[in-house]
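Below you'll find the structure, written out as C-alpha cells, and then a few comments.
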Amino acid sequence: MSAMFKSSIFKLLFALSLAGWAVGTQPPLDNGNSDRLSNGTSSSPMRFIIEFQKGTNHDSLRNLLAARKGFKIIKSFKSDIFSGVSVESLSDSVDTLEAIHSVAKVWRSRKVMLEKHNSTLERVFANDASAPKYNIHGMTGVDQLHAEGTFGKGAKVGVVDTGTAYDHPALGGCFGHGCKVAGGWDFIGNSSYPFGNATKMPDADPYDQLGHGTHISGIIIGKSEFFTGVAPEATLYSYKVFGTVDAVYDDVLIEAFLRAEEDGVDIITASIIGYSGWSENAWAVVGSRLVERGIVVICAAGNWGTSAGPFFHSNGASGELVLSVASVEASQRAAPAFEALFHAGRHINATKIAYYRSEGAFPRTIEHLTIIPLSGNIAAENEACDPLPEDTRNLTGIVILIRRGGCSEFQKQANLEAFGAQYILMFNDEEAIGDPFFIGDTFAAIIEARAGAAIIDAVKAGMNVTANFDLDPLTNYVGMIDPASGKPSDFSSWGGLYDLQVKPDIAAPGGRVFSTALGGKYETQSGTSQAAPYIAGVAALWIGKFGGRAVHGPGFAKELIAKIIQSGAPVPGARSDGSLYGFIAPVMQMGNGIVDATKVLRCKTSLSFAKFGLNDTAHFKPTHTVDITNNGPAAVKYDFGFIPAAGLELWVPYDPEDVSTPRIKYEWRELEPTAMVPSITFPTGEFVVQPGETKTATFTFDYPKGLSNIPAYSGKIMIGGDNNEVLSVPYFGIASNLRADIGGQFQPGTPYFWSGPQYPYATIEEKNYFSFNLSIEAGDYVQAHARFLWGVRELRWDIFDANWQESQWTYPPVVGQQGYIGSVAYYSDSGGSQGSHWQFDPATDNANDTTPFPEMFLYRTAPALIFEPQFWWLGKMADGTHIPVGNYTMRFSALMPFGDPTVSADWDKVVHSFSVIPL
C-alpha cells in the first residue's frame, strides 16, 4: 500500500491510526407474481406502491383509487415520512398511476429475500457453551469500549428480520417491558405468505420461526457468561417481516420501518436483500427519509461478490443516506477444543487447543492418543502430498500431525490412510482456515499453526504429547485465530450505484460470526447479514453514552452515520486465494474500511457527512468539501493526505468467441488491481480550527488519464490533527466516459424476438405476424430476450400505430396521442423463475398473470446469476385489454446511463413493424 502525505507529522499520525491493524437466486425480474402457476382464467393483479403529493387529503385520494375498477388497497401509509398506499391493480401500470392527479411517485412492489450467504450454518453449540477466549471485538475497538464500561444502555435498536427467539437466555429470556427484547410486532404471523394463497396473520408476538433474526439479535444484544454482543445493554425491538418462508413484499418492509419510527427506536437494521443498485427504489427512499428524521438506518450490502462482481448492490442499502455495510472476515472463529497434555518427566502441562472440521466435533471416546509429527518439519509445505515411503510406520492408534498446504486435504488424507491413519491433525499454513474437505471415516481436523509448532517443538525436546477429545463440544469451545482476519469476505457485494454514488459505506466482521440460534443454542453464520447488526451495535454504544434523537434532535443520525463511515480503517486488498496485492481494497468493495468504534466514540474532531462521488469523465465532479469541527478544548492543526486504493478495469470488451461479452467483470480472477492515482489539490496554508469552531476544507480532483474499459479509481482522503486523531473520507470515480465505454444498454445481439412452439424459433425478421394462439402446438406469441450491460432506470415495450416514426417520440407517451396504442403487459413467469420454464402451457399457466411495462430501476445482467431476462408477450396490454387485429409498430427500449427520457437519442432501442392476425 502506498500513502501520500503533505508532512512528516501526518505520516506519524497515520501510522498511529493503523496501530494494531491485523492485517441467495431470485427471478430475473421479480414482479411478485412468479409463484402463481394456475390454469385459471381470472386476471392476476399487479402490486404497486403509490406515494401521494404533499398536502394531499390522504383519505380522499385513497377512496378515489379504491373506486377504480380492478383496484384493491393493501395498506395505507399515513406518515409524514411517507404518505400513500400499497395496492393491487388488474389494469394499471406505472405510467397510468403516475398520471393520476396528486400522485407523486409510483413503484412496482417486489418480493425481497432474506440476506443469506450459502454457507450459513456451520456448527451448532448448546446454550451453556463456554468460550472464554472467543472475542472478535478486538479488531474493531469494541473491546476497549467494553473495558471502560460502555455497553449501549439506553439505546433502542429496531431489528427488521425474521423475528427474535427472545426466550434464549443470552437474549434475556423474556419479551416486553423490562426485557432485553422490549417490543416489536409480527407483520406476517406463522404463515407462508407471500406464496400461494397464504395470507398475513399479524400479531404482537414477533417470535422467530427461521432463526436468521435471532442470530442478528445476538450480535447486537447477546450476553451470557461466555458470549457477548456488541451492545449487550441496549434494548431491542423486533419487527418480524418473514413467517415460515424467506420472502416478503417490500411494502411490508416500509410498514415495519415506519412502525419502528413510531415506537421511538434510535436505530433500524435490516439484513434483507433485493437486486437494485438504485437509490430511488421505494424502500431505500423511506430509509433515507428516516435518517433525516433522526434514525440511524443500516442495511446489509448483499452477498453477490463472487457471482455478480462490481455494480450489483442491494436495494435497501442503496438509499442515499442509508448506511450500507460490507463484510470482512472475523479475527476468530468459534471452534471445539481438545485437551493436549505435554508430558515432561513427572510434570504434565495441560492446555485446550482449538480444532476445526466441517463435520463437527470428534467423538468423545477418543482419549489418551499420542500425537506424532510425521516429519517434524514446520516448514514442510508439501507434507504428505505424495505417497509415503514404503518403510513408513503403521499410523494406526495415534494422532498424526502434518502441515496443511501444498495439495488438497483429501489428497493428504488418502496418503496417510494408506498406512492406517485414523486420526489426523493438520496445522494451518498462512491461508484462511476456510472449510477443509475430508471424506470417509477418518477423523481429521485443522489446528492453528502456532499449536502445531508448539507440539513439534515439544516432541523435538523429548516430550510426549497426548490428546483427549473427551471435552464436551457443547460446553467447550474456544476462539480459533483465522489468518484471513480483516480481509474482504469474498461474498460481500460490490457497489457503486448505477448513477455512480459511493456504496458500500463501511465494513464490519461478517465472515463466520458466532451468535445466538433457535432452541437456546449458538451457531456460526457468514454474510453481510452479520456485518450490518455489528454496525448497529456500534451505533448503540454511541447512543448509550451520548443519547439518541430524543436528546440531539433529527440531525444527529446523519452525523452519527458520518462518524461511523469516517472512522474506517483501511482493509487490505486481497485476491480470491487470500493473497494480498499491495493496495487497500477498493471503496466499491469495502467502503471506507473496517469500523473503528473507538474513533466513533472518542474523537473530538467531527466531519460533516461527506462521500466524494467523482462520477465519470463526462459528468466529472472535481470539487468537494467537508466541514471540520473541533469539539476539543484546544486549537488543532490539521493536515491532509490520501491513500489510493486498488484501481480496476471493470469492462470486458466484445469478444466474438464469448457470448457473455461485452460485460462488467464479475469473476475475481478478472479483477486484477493496478495503480490508478488521481491528482488532488488540498487546502493551502496552515489549517487550524479553534475549540468549538468549524472550518470548511476544499479538495479538487483530477482523474487519472489515458485509461479505458471503465477504470474505477478510489481511495481515502486522510484528515489528521496534531491531537493525534485521524479520520477519512472515501472517494470514488470512473476515469472514462461510462456511456461511451458500454456503447449501449443492450448486449450486442439482444434484444431479439422469437415465436413458435419449439426450437428453432422463428425470429421477428422471419415472421412478424402473430395470432397469439397460446396452444402448445402453436406457441404463436412474442418472446423478447434481452441482456443489460448496465442498470436500467427505465425499460419500455411500447406499441404504436403502423405509421409511427421515431421523430414522434414524446415522454411519457399518452394513449391516443402521437400514434401511441399502449404498453405491453408481459407474462410474469417468462422463462420461469429459475430459467427452466421454456414454453407457455395454457393447461397449467395463467395468461392473465402479467406484468405491465414500463419496468423501473432494473439491475444489470450478471451471467453467473441471471444470464438473459425474458419477456413473453401473450397479447395483453398494460390496461388489461387484448391487442386487436391490425398493423403496428413496436419499440423495445432502455434508457441509457444518465439519459433524459424525453430525448429519443438517450434510449437504446429496437423498432419492428408487425401485424396481429385473426386466430
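Cβ atoms are placed via backbone N, Cα and C, with glycine included.
TrEMBL entries are annotated by machine, without manual review.
Here the structure is a predicted model, which means the values were calculated and not measured.
According to TrEMBL, the protein carries these features:
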SIGNAL    1-24  signal peptide
DOMAIN    152-546  domain 'Peptidase S8/S53'
ACT_SITE  Asp161  active site, charge relay system
ACT_SITE  His212  active site, charge relay system
ACT_SITE  Ser529  active site, charge relay system
DOMAIN    614-731  domain 'C5a peptidase/Subtilisin-like protease SBT2-like Fn3-like'
Exercise. Do you know the DSSP helix, strand and coil residue counts for the domain 'C5a peptidase/Subtilisin-like protease SBT2-like Fn3-like' (614-731)?
Worked result: 3 helix, 60 strand, 55 coil
Problem set entry | Neighbour-count leader, CB within 10 A, active-site residues: His212, Ser529 | Ser529
Problem set entry | pLDDT averaged over the residues of the domain 'Peptidase S8/S53' (152-546) | 93
Seminar exercise, completed: By a three-class reduction of DSSP, Ser529 (active site, charge relay system) is assigned helix
